[in-house]
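Q: One structure follows; several queries about it will come next.
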Amino acid sequence: MGCQASRRILLLATIVVAASLPPPSAAQTASCADLAFSGGRLYAACSPLEELDASVHWTYHASNGTADVAFRVPGGSAGWAAWAINPSAVGMLGANTVFAYHNPATGVVAVATAVVDSYAPAFADGDLAFAVYRRGAEYTDGVYAIHATVALPGNSTRQNIVWQAGTSSPDGLPESHQAFGDNVMSSRSWDFRSAEAAVVVDDVPAAPRDSVYRALLRPKNIHGVLNAVSWGVLLPLGVMLARYMRVFPSLDPAWFYLHVACQCSGYVVGSAGWVFGLTLGSPAKGALQHHGHRNIGTALFVLSTLQVSALLIRPKKTVKVRFYWNLYHWSVGYTVVVLGVVNVFKGIGILQADQKYRHAYLGAVLVLAVVAFVLELVTLTVRFKKGRR
Ligand SMILES: *[C@@H]1O[C@H](CO)[C@@H](O)[C@H](O)[C@H]1NC(C)=O
Ligand SMILES: *[C@@H]1O[C@H](CO)[C@@H](O)[C@H](O)[C@H]1NC(C)=O
């Protein structure tokens, strides 16, 4: 039986993978390639940038060493956004910057170029170290789009790029941005030659992007971890505890308490994660909206709140309506588990995180699925024997 079982497990694993995987990483490229610019502006390549939910779009002209470059950066309607090439260093000091900012007098989005030469720069629209042939800025649905055609410094396709967003421009001038999280990690070494999207060349050493500590402090990652653990692992685990432990009389009523403990802690942690998630997508902060993910999240919260409340009105085992209560409890429970796992994968897709996170969660789901499959066979046998006695 061993070989056949393992084959079946493999088949089940394949089905689970196929059903739960969102479209592969091509979707990441598509997510920036689908973004339109006004005036029918088109770019040959684009790549999402994790920090500040930005994306860079560009066309490189080898014949004259110029590049048409655009950045999209979400931001508040009273704020500003910017991108820069830094020909002399990594990071902010020396950044030759194209700004888009809201002019409070007119409400119009203005564009300006300036070299940032200190941490509190005197801001004046002026020349950059390289030629800027065209420049412009627009603001739609909470997202700044800043474009410019520039002569790449040193006629090199390899440049240090920086991007940024700030929340206020009160005097018609950009004010300083947040000095932690994404705002201090938004720089990269970039190659404008490649027509391939996602050409992240290498990470800027000055920005400690790999630091787990920093990464964990980012709100969307906190949201991700809370929800992956609760909706994604604890709740399915709790369902398995109830389904399989119950079959063994010696484990009664231990299974019940374990099940309640698992589901209640999952519910508490998951609700916290859900609330956290709601603050992330706030349009007031100019965040991108992920309606599908958010709606599933809210449905999960409502269904699991029902589920927890239903515990209080649970009829006695001996009463006939208990059968209907069980039916209800199981169907809502399985719905929550399926939606929860689907939404965790959706969330990982939105984060555009390193593939290792998707693989890690997929691994967790597979382990649960395989354990469930084995227990299903075992408990089936036990039930069958009981039935014959
Ligand atoms: C650079 O070359 C491209 C075509 O290769 C052309 O469209 C563009 O106008 C040129 N730019 C400048 C500044 O000459
Ligand atoms: C830039 O370099 C390319 C080759 O990589 C060359 O064809 C082009 O003429 C150079 N442009 C300038 C402005 O030096």
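The first residue you see is number 1, and the count goes up from there.
Quick reminder: no glycine exception, Cβ is built from N, Cα and C everywhere.
TrEMBL labels come from automatic prediction, so no person has curated them.
Pulled from TrEMBL, these are the listed features:
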SIGNAL    1-27  signal peptide
DOMAIN    52-166  domain 'DOMON'
DOMAIN    181-382  domain 'Cytochrome b561'
BINDING   His223, His259, His293, His329  heme b binding site
TRANSMEM  224-242  transmembrane segment
TRANSMEM  254-276  transmembrane segment
TRANSMEM  325-348  transmembrane segment
TRANSMEM  360-382  transmembrane segment
Q: Counting each residue once, how many in the domain 'DOMON' (52-166) are helix, strand and coil under DSSP?
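A: Its residues divide into 5 helix, 66 strand, 44 coil.
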Q: Look over the recorded stretches 224-242, 254-276, 360-382 and say which has the most C-beta pairs under 8 A to the transmembrane segment (325-348).
A: 224-242
Q: Where does the mean pLDDT land for the domain 'DOMON' (52-166)?
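A: Mean model confidence (pLDDT) across the domain 'DOMON' (52-166) is 88.
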Q: Fewest neighbouring Cβ atoms within 10 Å: which of the binding-site residues His223, His259, His329?
A: His329
Q: Which residues does His293 (heme b binding site) neighbour through Cβ under 8 Å, counting only same-chain ones at least six apart?
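A: Within the chain, His293 (heme b binding site) has Cβ neighbours under 8 Å at Asn343, Lys346, Gly347, Ile350.
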